[in-house]
Amino acid sequence: MSDVKKVVLAYSGGLDTSVILQWLRETYDCEVVTFTADLGQGEELEPARKKAEAFGIKEIYIDDLREEFVRDFVFPMFRANAIYEGEYLLGTSIARPLIAKRQVEIARETGADAVSHGATGKGNDQVRFELGYYGLEPNIKVIAPWREWDLNSREKLLAYAEKHGISIEGKQSGGSPYSMDANLLHISYEGGVLEDTWTECEEAMWRWTRSPEAAPDEAQYIDIEFQGGDPVSIDGEKLSPAALLSRLNDLGAMHGVGRIDIVENRYVGMKSRGCYETPGGTILLRAHRAIESITLDRESAHLKDEVMPKYAELIYNGYWWSPEREAMQALIDATQRRVNGVVRLKLYKGNVIVVGRDSANDSLFDQTIATFEDDRGAYDQKDAEGFIRLNALRLRIAQRRG
């Protein structure tokens, strides 16, 4: 079909990517290298290796990318307080650039001339993967099977798998009715009853978190320490980035934190309903904004809030490797040098409540000035009169004009 000789496939070992593996060999008569990323999705990855071996694959990559994922992708994003359309914490979006990066690296290591993914032609992930590929390797060949083949239903995929002797455990029954994606930051659910925007999902859908109703009746307090805008410890215990996010996930899940049910605007033009569990990320966002509230000056904080929606949109749409995202990241990171201190939070039945924040060396909160008691001349209230009159000048002129 083309002169493609070797393809690096993002491989999960599931139905879709197993069919893709066989289809690539059949259609392109090429060698396939499989790549499976451990991003903390909580799945056993050895079955993916065994399935690849059963296909006779000679080069199999299973990489533990959890620390890199949190350190180099999740934490930089949270320095920006990024939220897409007011609710989505970008758990799927932020994982794609790392997968694309590693695929390109493996292509270079193995001499592959193409990469392939299992994203459908209707979703955002095809865009995110491929913008990543081209942003890192401009001349790479990309194969997107869902845009080429006629296997456009689950029934056709199963028939193809059966025809070619592809083993798909549990393919006939017992599986989830939802399309799910998980990593250390979140788990997402789409499809099934969620395609009706009025129908509430069943409680059994949620895999990570307790319902707020079933969460403990007693609140739990935790302290999160930040250095340079990144969290470094929980309750005084220093943790690696991945271990810290995992701990926050456990704490948030126990207290029913981090569930959302939203309809979002996909980059490809349609609206899509999704449910997400992001327990650790929800806690982290609240804590980060709290430490910024005492360490960032007003204009820096407001500037960050102005650029954040565009930054979040870039990540959602797949432009992590773009020059504009990198420029915005440099601006954001420059604001974080003095974002140091500790935030105390109360977790209770789905709520994350900030109850304290402290920074020994970088706080801009001056109690002697802000107090309602006698400030001993630290703030001259008479100064406010001229400030108000100057700022009111344009309003008075406009009113006189009528």
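Heads up, the Cβ atoms here are built off N, Cα and C, so glycines get one too.
Worth saying up front: this structure is predicted, and the values here are computed from it rather than measured.
Of the residues Glu105, Glu200, Glu264, Swiss-Prot puts just one in the L-citrulline site with Tyr88, Ser93, Asn124, Arg128, Ser179, Ser188, Tyr276: Glu264. Swiss-Prot lists Ala10, Tyr11, Ser12, Gly13, Gly14, Leu15, Asp16, Thr17, Ser18, Gly118 as binding ATP, and of Ala37, Ala107, Ala112 the one it places in that same site is Ala37.
DSSP assigns Tyr276 (L-citrulline binding site) to a strand.
Around Ser12 (ATP binding site), the C-beta neighbours below 8 angstroms that are at least 6 residues distant in the chain are Thr36, Ala48, Gly118. Within 10 Å of its Cβ, the residue among the binding-site residues Ser18, Ser93, Ser179, Ser188 with the fewest other Cβ atoms is Ser179. Using a 10 Å Cβ-Cβ cutoff, Asn124 (L-citrulline binding site) registers 20 neighbours.
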